[in-house]
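If you check TrEMBL, you get these features:
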BINDING   SER11, LYS43, LEU75, ARG89  substrate binding site
BINDING   SER11, PHE12, HIS19, GLY90, LEU91, ARG92, GLU100, HIS125, SER126, PHE127, ILE128, SER129, SER130, SER131  ATP binding site
DOMAIN    7-135  domain 'Cytidyltransferase-like'
SITE      HIS19  site 'Transition state stabilizer'
Amino acid sequence: MQKRIAVYPGSFDPITYGHINLVKRAAERFEKLNVVIMNNSEKRCLFTLEERVEMTKANLSHIPNVEIDTFSGLLVQYCKLKDISTVIRGLRAVTDFEYELQMANGNRSLMPQLEIFFLMSDVAHSFISSSMVKEVARYDGDVSTWVSPLVEKKLKEKFKKN
């Protein structure tokens, strides 16, 4: 029997409590969960790939069946390379669904055996986005209830430099 493995892809720029909550819940349902930090050259990230890996590993190290990976390319290329056919995506609101549905249909046209599982965000995290975290942190706002102390520290360091 094939091991039940899923992929949770994202830029994690930075990882938030919303991401961590989804990872915990997805990891309970699969034998292994690959959290894949996608390196998209078209997307301008605040943190380097190495910084995002460091923060993600630090925030997820307590979940034993989670593996952190990185990939530059299409999600379906990663899935084919690793022989994984299940993708986890989080949904916060209707606007997320519209975008995620479009992406899911595109990915399934490239890899028909791909299954996409949508997990609703926990209500407490339903409004948190990495973009909002960065915007609030940029102006020295309090993001301590949205990200871990490590991420908060890294945000403060990053915005002091800029």
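Even glycines carry a Cβ here, placed using N, Cα and C.
Remember, TrEMBL labels are computer predictions, not curated facts.
DSSP assigns HIS19 (ATP binding site) to a helix in the three-state reduction. Here the binding-site residues are SER11, SER126, SER130, and the one whose Cβ sees the fewest other Cβ atoms within 10 Å is SER126. Ranking the binding-site residues HIS19, LYS43, ARG89 by other CB atoms within 10 A of the CB puts LYS43 at the bottom. Candidate binding-site residues: LEU75, GLU100, ILE128. Fewest other C-beta atoms within 10 angstroms, GLU100. Rounded to the nearest whole angstrom, the C-alpha distance between SER126 (ATP binding site) and LEU75 (substrate binding site) is 24. Each residue contributes its Cα atom, and for LEU75 (substrate binding site) and GLU100 (ATP binding site) those atoms are 13 Å apart.
Here the candidates are the binding-site residues HIS19, ILE128, SER130. The one whose C-alpha lies nearest to that of ARG89 (substrate binding site) is HIS19.
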